[in-house]
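What TrEMBL says about this protein:
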- 7-27: compositional bias 'Pro residues' (COMPBIAS)
- 133-153: compositional bias 'Low complexity' (COMPBIAS)
- 59-125: domain 'Death' (DOMAIN)
- 181-315: domain 'TIR' (DOMAIN)
- Ser266: phosphoserine (MOD_RES)
- 1-27: region 'Disordered' (REGION)
- 128-175: region 'Disordered' (REGION)
Amino acid sequence: MATAPAGPDPVPGPGSGPGPGPVAVPSPPDLHAVPMVALNYSVRRRLGLYLNPRAAAAADWTALAEELGCEYLEIRRLEARPDPTAALLEDWQCRCPGGATVGRLLDLLRRLGRHDVLLDLADSVGEARRHPSAPSRAAPFPQGRRGGPARLRPAPPAPQAGSAPRPGRSVREGEGGNGTEMFDAFICYCQKDLQFVQEMIRELEQTEFKLKLCVFDRDVLPGTCVWSISGELIERRCRRMVVVISDDYLESDECDFQTKFALSLSPGARLKRLIPVKCKTMKNEFPSILRFITICDYTNPCTKKWFWMRLAKSLMLP
């Protein structure tokens, strides 16, 4: 009786031999199954840059709070926090540990029409897929310079020769060779005080002081979100912040955001030195959040002659 020709050895299946079976490659988890604890500090901070400012043209953090079922008194309580968006997310995690997921947050932002937020944070939010669902296994984040988690995004690379500057960056970016220009001070001002800011530029940059000021209308190119680039400049690229105070400043949502953001980085202005400058006689009361900081008063005729020298020395302190 003829024997059948020997064929190739069969490939052992799972459990058919001593060797290990094929390894299954796990698929990335659905973001609706990823808890909010996987959303790291950097992403939450950037969410605040978009949602904290109160704006009539776009849904802010209060609209998100209403979608999450917060009542009026709860929203009023969160208004007193330096970063109400972060406080809202923390409160949501505590109230709905099972329903507070990254996917649910993205759905709400989409419903509110905040596609700008979704677009800017797409890559960063995707990092949440890599974190385990169990909060107890969430990996720690690297430490930043103030002891908090480091930002996700490194300093941008220096532009190639002949390339156009990137939107939302300083026009002079890259002069230092590492792609990021640093400033001695960020100038927080409203448009109606621009003439005073121009005088500040002449007195501090074009004299023996040779300071480098970050003036938004001059040093930032158009085409980016005002809130996000302001936050990056204040936090990462400016050693100090000069707040130009006037009655018009009190009416500016942008100035209010920038001041509160800087104070949230350093409560009591201990590290991120804030320097209030009163540029005009005011009818309204001086901002209460800045009353504990010594001011430079441009309106006082008795001290005006050494005003610029005093301000410059303050900016040059280590």
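The first residue you see is number 1, and the count goes up from there.
Cβ coordinates come from backbone N, Cα and C, glycine included.
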Quiz prompt | Integer average pLDDT (0 to 100) for the domain 'Death' (59-125) | solution = 83
Quiz item: So, by DSSP, how many helix, strand and coil residues make up the domain 'Death' (59-125)?
Solution: 47 helix, 1 strand, 19 coil
